Amino acid sequence: MEGAEEKKKKVPAVPETLKKKRKNFAELKIKRLRKKFAQKMLRKARRKLIYEKAKHYHKEYRQMYRTEIRMARMARKAGNFYVPAEPKLAFVIRIRGINGVSPKVRKVLQLLRLRQIFNGTFVKLNKASINMLRIVEPYIAWGYPNLKSVNELIYKRGYGKINKKRIALTDNALIARSLGKYGIICMEDLIHEIYTVGKRFKEANNFLWPFKLSSPRGGMKKKTTHFVEGGDAGNREDQINRLIRRMN
């Protein structure tokens, strides 16, 4: 009996340092699990918010379209012509090289971020930007993009400027990190801000890298001739959407 008791006494106790390590490890594991759970809940809440926003925007776009149709019908009924509101958004595509052009033209193309042939950018239309477009009109094709064009360009060709690098917009988190402070956290927010020319259009547009479009299917007709004369250059109004389809 005495020998057995002596053996029991001789069993080495767990060192305090090991106990402390185990306790710290257990606490760390709990913290990690809590953080993981919190992140999961945050992702779930964000997905729900993005879904609700997309639903709201869809309703808003449908309402805008219906209002246009109703106004046109009312004008026809009264025997008048319906004149839509002045477009606020343009999509501009560079279609020619600039060898031998004036420094002014070169500078305007740089300001429009059209450094290469078949680069495209969104432009907010106002007096100053329209004057800029007139200066470089022989070198660009431009017009008024519809919702489908804005949507397809951003989803298919959209790249963001993140840390001065061209990054594909494959995840809403990339948008949220760069534009979250402006309330733009997903692709639908970005599309809405561009299409409606919202208060944060400048930030949203500067975030988007200039679009690199393909050579148009079927080729160009006459790059040096204006669109109204059967060429490719200049303002083609809503016909820009056809060109976007051929190049996207």
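Cβ coordinates are placed from backbone N, Cα and C, and glycine is handled just like the others.
Swiss-Prot annotations:
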MOD_RES   Met1  N-acetylmethionine
REPEAT    7-18  repeat '1'
REGION    7-54  region '4 X 12 AA tandem repeats'
MOD_RES   Thr17  phosphothreonine
REPEAT    19-30  repeat '2'
REPEAT    31-42  repeat '3'
REPEAT    43-54  repeat '4'
MOD_RES   Lys124  N6-acetyllysine
MOD_RES   Lys127  N6-succinyllysine
MOD_RES   Tyr139  phosphotyrosine
Confidence summary (mean pLDDT) of the repeat '1' (7-18): 62
Between Lys124 (N6-acetyllysine) and Tyr139 (phosphotyrosine), the C-alpha gap once rounded to whole angstrom: 19
Residue among the modified residues Thr17, Lys124, Lys127, Tyr139 whose Cβ has the most other Cβ atoms within 10 Å: Tyr139
The residue listed as 'N6-succinyllysine' versus the residue listed as 'phosphothreonine' - Cα distance in angstrom: 74
Contact set, same chain, for the repeat '4' (43-54): CB under 8 Å, 6 or more residues outside the stretch: 172, 176, 185-186, 188-189
Counts of helix, strand and coil residues, the repeat '4' (43-54), according to DSSP: 12 helix, 0 strand, 0 coil
